[in-house]
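Q: Just passing along the structure, written as structure tokens.
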Amino acid sequence: MALFIFLILVGYLMGSINSAIIVCRTFGLPDPREEGSKNPGATNVLRLGGKQYGIMVMVFDALKGILPVILAKLLSAEPVTVAFTALAAVVGHMYPVFFHFRGGKGVATTIGALLAFHFVIGVMVAATWLLVANFWRYSSLASIASISLAPFYSLILVGNLNIFPPLFMITILVLYKHRDNFNRLIDGKEPKIKFKHSVIEEIMEASPATSAEQEFPGKEVIDTNIDETEKTEQAEAVKKPKAKKATTKAKKTASKEETTKKPRSTKPKTKTVKEKE
């Protein structure tokens, strides 16, 4: 019993370390609890910061499920105790004590815990996630489908009914965390997976514009890595000097035409008539 309580505490405390918030604070990214989908998880960080930050958070979240389960196995805990340790890690991720109980949805932590608990089950769940995400491009739908199948995969591969309840509880918690996604999927408002450029990628993509300015000095170069509003403003700024030159030329031409059309002012010749006396 003491080992059971110890492993539950370790799993919960490790799960409470929210890597999404830590990564965003470390690298100066927006708070994932306030921006994007407002979920401090890997998918939201992927949208806010880019692929490298999303992958970083995903790996850390998976480790939060892997490490407690491996510890439980090293301590020769019963399979049901190992399964409850995985549940504790997922609960810690969803309701972290260190971050006012506002956590993520537990998908990456669940997959990590399943990989450590039974590698084949973890691979099957991860493969299901990738398959659904690849075809439908909805992260939430992929999470719902893959985690929902996890307890049934365990029945097929392990056949131990004692581990079904904790795995089923994980599924219920993940589905509950995705309740808003359910409504958005039904209404057709759920955003699809899109990769945002990272800060490093934006800097690297901005370098061709700088080289173009060096290659053609004195010419206006419009930056192609900015949004449409700024592009329009720059295009108008380039056109304005040309428009001014055209206006001044038109004025000069008009003034010349006016001078040519004006009749020459001729003074009437006055004849002096001398009266003969």
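Residue numbering: from 1, along the chain as shown.
Backbone N, Cα and C atoms are what each Cβ position is placed from, and that goes for glycine too.
According to Swiss-Prot, the compositional bias 'Basic and acidic residues' annotation covers 216-239. Annotation comment: Swiss-Prot describes 240-253, 262-271 as compositional bias 'Basic residues'. The region 'Disordered' annotation in Swiss-Prot covers 207-277. Annotated transmembrane segment per Swiss-Prot: 3-23, 55-75, 79-99, 111-131, 155-175, in sequence order, evidence recorded as sequence analysis.
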Q: Counting a contact as 3 or more Cβ pairs under 8 Å, with residues at least 6 apart in sequence, do the transmembrane segment (111-131) and the transmembrane segment (55-75) touch?
A: yes
Q: Top stretch among 3-23, 55-75, 79-99 for CB pairs under 8 A with the transmembrane segment (155-175)?
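A: Counting Cβ pairs under 8 Å, the winner is 79-99.
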Q: Looking only at residues six or more beyond either end of the transmembrane segment (55-75), which have a C-beta under 8 A from one in the stretch?
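A: Same-chain contacts beyond the flanks: 3, 7, 10-11, 14-15, 17, 19-20, 23, 41-42, 45-46, 81-82, 85-86, 88-90, 92-93, 104, 108-117.
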